[in-house]
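**Q** Attaching a single structure in structure tokens format; questions to follow.
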Amino acid sequence: MAIRKKSNKNPPVLSHEFVLQNHADIVSCLAMLFLLGLMFEITAKGAIIFVALQYNVTRPATEEQAAESASLYYYGIKDLATVFFYMLVAIIVHAIIQEYVLDKINRRMHFSKTKHSKFNESGQLSAFYLFACVWGTFILVSENYISDPTILWRAYPHNLMTFQMKFFYISQLAYWLHAFPELYFQKTKKEDIPRQLVYIGLYLFHIAGAYLLNLNHLGLVLLVLHYFVEFLFHISRLFYFSDEKYQKGFSLWAVLFVLGRLLTLILSVLTVGFGLARAENQKLDFSTGNFNVLAVRIAVLASICITQAFMMWKFINFQLRRWREHSAFQAPPVKRKPAVTKGRSSRKGTENGVNGTVTSNGADSPRSRKEKSS
């Protein structure tokens, strides 16, 4: 087996190119340090803060659930360490999908640089949206959210979460935080960075807001709804890159996008504007996690409405741009009329000749008449 010579291509250790090429291996080694810390008694107490969920309490069994006691969780400052560890996991998974799936497809399809970056973006996001949507739907079904919608606001504050619920939110925060270093690892263009920062910031703002304000029930429903619509868009864009005639997915996405925005507003107003507004306990209490006061409710509804309006504005601009491009592509080419020269020779040919041939009986030109008169 021949040994490949890489000495001329390998960048210097810890250089810019070295970090970009080997960032997945570097992050994997860092994550392994936390896992190895669990094996030793001295470091286990510190390592477990990063790996396992914190702040669990055991609720005693009731008469309805006499067979088992439930372990519930609340949030705290140690969750930042857990989010950091799973952010490293998200970077590793991102690199695996990129190297073993997307890069192989890119080599076969021979995309341009613009399509290459958009294909990678849609490939990564479609995989994440599908996974998160299936996971979130499983939580909704297992905790009877669909059969009893009043659980969205009943018994607020929802400061105690099941393992699946808390792990879902930790994973969401970790994934969207990992998107910041990925802008550097993936060599994102400078003109694309502001757009990326806007939607990453919006995700983190709303997910963290639902998590910290104990609106995790409402946040889960809205995330599943939003992720399903976004998954349809990115999977349609993947099919479009392979066949530019494919437009059915975008048409279905356009309808579901508008319906998704309406459902988001309806559920938000129903939960925050009516459900929580009629609750008996409307006092601000940080110890119990009760934020059901008028100012917080107005802020929550305002942030949701502004975000939905911003998304609709972007959606309308996107549809208008696609409509203009489609109209320009379908419009027939305009036939240009031949330019008519206004020189003296052309006028002489039209006035004194037939089919461009000068006749002997033609009238004299103004200059010749002037010379004769003189």
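Keep in mind that glycine also has a Cβ here, set from the backbone N, Cα and C atoms.
The topological domain 'Cytoplasmic' annotation in Swiss-Prot covers 1-32, 103-121, 181-192, 236-251, 319-374 and is backed by similarity to another entry. The topological domain 'Lumenal' feature in Swiss-Prot is assigned to 54-81, 143-159, 273-297. According to Swiss-Prot, the feature compositional bias 'Basic residues' maps to 334-347. According to Swiss-Prot, the feature compositional bias 'Polar residues' maps to 352-363. Positions annotated as phosphoserine by Swiss-Prot: Ser365.
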**Q** Would you mind listing the long-range same-chain contacts of the topological domain 'Lumenal' (273-297), meaning Cβ under 8 Å and 6+ residues beyond its ends?
**A** 74, 150, 152-154, 156-157, 159, 213-214
**Q** Excluding the flanking five residues on each side, which residues at least 6 beyond the ends of the topological domain 'Cytoplasmic' (181-192) place their CB within less than 8 Å of a CB in that stretch?
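**A** Answer is 20, 23, 91, 94, 117, 120.
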**Q** Which numbers of helix, strand and coil residues does DSSP report for the topological domain 'Lumenal' (273-297)?
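**A** Output for the topological domain 'Lumenal' (273-297) reads 7 helix, 2 strand, 16 coil.
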**Q** For the topological domain 'Lumenal' (54-81), what's the mean pLDDT in this predicted model?
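**A** Averaged over the topological domain 'Lumenal' (54-81), per-residue pLDDT gives 80.
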